[in-house]
Amino acid sequence: MLVNRWLFSTNHKDIGTLYLLFGAWAGMVGTALSILIRAELGQPGALLGDDQIYNVIVTAHAFVMIFFMVMPMMIGGFGNWLVPLMIGAPDMAFPRMNNMSFWLLPPSFLLLLASSMVEAGAGTGWTVYPPLAGNLAHAGASVDLTIFSLHLAGVSSILGAINFITTIINMKPPAMTQYQTPLFVWSVLITAVLLLLSLPVLAAGITMLLTDRNLNTTFFDPAGGGDPILYQHLFWFFGHPEVYILILPGFGIISHVVTYYSGKKEPFGYMGMVWAMMSIGFLGFIVWAHHMFTVGLDVDTRAYFTSATMIIAIPTGVKVFSWLATLHGGNIKWSPAMLWALGFIFLFTVGGLTGIVLSNSSLDIVLHDTYYVVAHFHYVLSMGAVFAIMAGFVHWFPLFSGYTLNDTWAKAHFAIMFVGVNMTFFPQHFLGLAGMPRRYSDYPDAYTTWNTVSSMGSFISLTAVLVMIFMIWEAFASKREVLSISYSSTNLEWLHGCPPPYHTFEEPSYVKVK
């Protein structure tokens, strides 16, 4: 029965499918919001109205894309579908908790949408800094609803993290050590640890903000001995690990895709890849104040956060060059998934380079809160995380659905998206260097040219989304079933065919370790 199968599911494949569908839908909402932003900025002058409504849209765009698109698709979708298959487990460790993790997300999304429907909306930016987020500048229920939304999404992620950690550590076959699990499994494990350690700090920060707003506490109010900078420290102690949470599963996906389409049986430097991810995860927790170079930190504090941030480039470089080494000498198949993966490697590296620029505290004084920062993080998210999701999606679509995508449409989709995102975000580096600030709905007309180019690019990206929807419809309409799969010991998830049966590995799997 439909209700029993889809509402009360305890099956990792069905829950993974729910996550993917929810993430895709949220992604379209987030895309619509981004199109509104770029429409407003396409030329000087007002389109939507004042800066409050503009900032409500910007804030909602960020929250929707981060908490309801990237995280549900990468961790909930790919994680649920693939982790049990890759380690030979019958399901997740806590199947009912898995269902609850998913069903906390729609109510959370509803609360976020409600926050923009009441009063003037939450126009705080995704950082929700007080005093702007306090009850003077944002009277009414909007910010409170946003905080409750974040609480639900956070609980969902924490439960999911506990589930993945338990599954990966406890549900491997006895003969399989942790260092024999695929890189995607490692990436999800490390991501889960980051979630478990960082989200409670966010919960504390936004709960203190909630009591400041409603119960007359003064955690972030100097009038009562509080300090708004405390909120920034709490938020960014979560916020920086969060950006690694968004990209780490992508690293895992790219490792699998690059290995598969290079005709290699294993990625180059497996151990180096694992340690690099662990290093990135650890370092992600000790660099948070690089988001705060303009708030008046001591010079020695700034020196530390600058150098610590630059250190992250080393394990990241290990990963990039290992992917290139995996490609080297391989029998490369130019499939759509491989194109997404190669696009990821190139554009993620560009985003990483601008990150190195921003890690310099002296330069960041000039670039902070300009479009240079926007360009930087959209290169690593809109062309890192999203390209990784697309690579994983077109690679594993036959596994999830049993049908194959049309190769030509998939390549066309990649080409349109590649042009669109680059045309959107590359000019923003110029705007930032010229001093255009973020989070404003209008600008001096000296900035018109590049904003117009950027907005045109965003409509090309929108076209790519429409092509993708058609491409998926075409696959299900044509029903081209998978005939054969090139299966090897390093891509265990394909073992049961496409799609795999509802229950896999019902008996403990026998793994012979070479």
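Here the Cβ of each residue, glycine as well, is placed from N, Cα and C on the backbone.
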| For the Na(+) site that Swiss-Prot assigns to Glu40, Gly45, which of Ser401, Ser441, Ser454 is also named? | Ser441
| message | Record says His290, His291 bind Cu cation. Source is Swiss-Prot. Which of His240, His376, His378 does it list for that same site? | response | His240
| Checking the topology in Swiss-Prot: do Arg213 and Asn406 fall on a common side of the membrane? | no
| task | Grab the same-chain neighbours of the transmembrane segment (447-478) for me: Cβ-Cβ under 8 Å, and only residues 6 or more beyond its ends, written as numbers and ranges. | result | 28, 31, 34-35, 38-39, 41-44, 397, 401, 403-406, 409-410, 412-413, 416-417, 419-425, 427-428, 430-431, 434, 436
| field | the transmembrane segment (228-261) touching the transmembrane segment (141-170) per 3+ Cβ pairs under 8 Å rule | value | no
| Nearest to His291 (Cu cation binding site) by Cα distance: which of the binding-site residues His61, His376, His378 is it? | His376
| message | Cβ within 8 angstroms of the Cβ centroid of His240, His290, His291: which residues besides those meet this for the Cu cation site? | response | Trp236, Gly239, Val287, Trp288, Ala289, Met292, Phe305, Thr309
| field | Of the binding-site residues listed as Tyr244, His290, His376, the one whose CA lies nearest the CA of Glu40 (Na(+) binding site) | value | His376
| query | So are the transmembrane segment (51-86) and the transmembrane segment (299-327) touching or not, going by 3+ C-beta pairs under 8 A with a sequence gap of 6 or more? | reply | no
| task | Give the sequence-ordered list of residues that share a chain with His61 (Fe(II)-heme a binding site), lie 6 or more positions from it, and have CB atoms under 8 Å from its CB. | result | Gly30, Leu33, Ser34, Ile37
